[in-house]
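Features reported for this protein in TrEMBL:
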BINDING   Asp16, Glu17, Asp126  divalent metal cation binding site
DOMAIN    10-208  domain 'RNase H type-2'
Amino acid sequence: MVSRKKSRQWYVIGIDEAGRGPLAGPVVVAGICVQNAGGAVSAHRAFSALEFDSFFNGIRDSKKISEKKREEWYRKITKNPAIQWAVAVVDHDVIDRINILQATNRGVHDVYKKLSFSASVPALLDGGLSLPKPAPFQAIIKGDEKIPLISAASIIAKVTRDRIMRKLHKKYPRYRFDLHKGYGTKLHRKLIKRFGRSQVHRRSFQIS
């Protein structure tokens, strides 16, 4: 857990999501938290023996690296004791009930609460995401390409969601969630037209 001891050090959180656009399955939000000793986003001095820049060197937006690379980064991030991380899974039924934007930001808030020990911990969000007041945050357009913490969060979110969709494939094999992860590919739309929607398809999303 994040230390709650009083010190001059503070923390910064990076948050991103995976799965806003698919026709099926949940939206997953992930957050990464590191100590920040000097007030800069890079958090060099507080990152124990593994300096921030060195550790995150080469990290990219999850959509721009291979599945194998995402899994490698996932293991690297989640096994580092200097990094706190959390995920929130917001199911399709919640998405249908309150809409995808509100469902995603609910996940953002849940992740923030898991990682922050006060409402003053700053957060860096990928563009389009938000937090309720009084949480201090900055939404950065293409943040998953520009900010290593957001890139890391995007990888955690993507790997987590892909694993969920592979499990759903075993339950609903005719829809081939293992191939498209619920996104509206030509194959997926064809299978929906053939078999109808499954229980995990988003009813509020248009198929055609």
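The backbone N, Cα and C atoms fix where each Cβ goes, glycine too.
Predicted automatically and left uncurated, TrEMBL annotations should be read as such.
In terms of local Cβ density within 10 Å, Asp16 ranks first among the binding-site residues Asp16, Glu17, Asp126. Confidence in the domain 'RNase H type-2' (10-208), given as mean pLDDT, stands at 91. Those residues of the chain, other than Asp16, Glu17, Asp126, with a C-beta within 8 angstroms of the mean position of the divalent metal cation site C-beta atoms are Ile15, Ala18, Val29, Ala30, Leu125, Gly128, Leu129, Gly143, Asp144, Ile150, Ala153, Ser154, Ala157.
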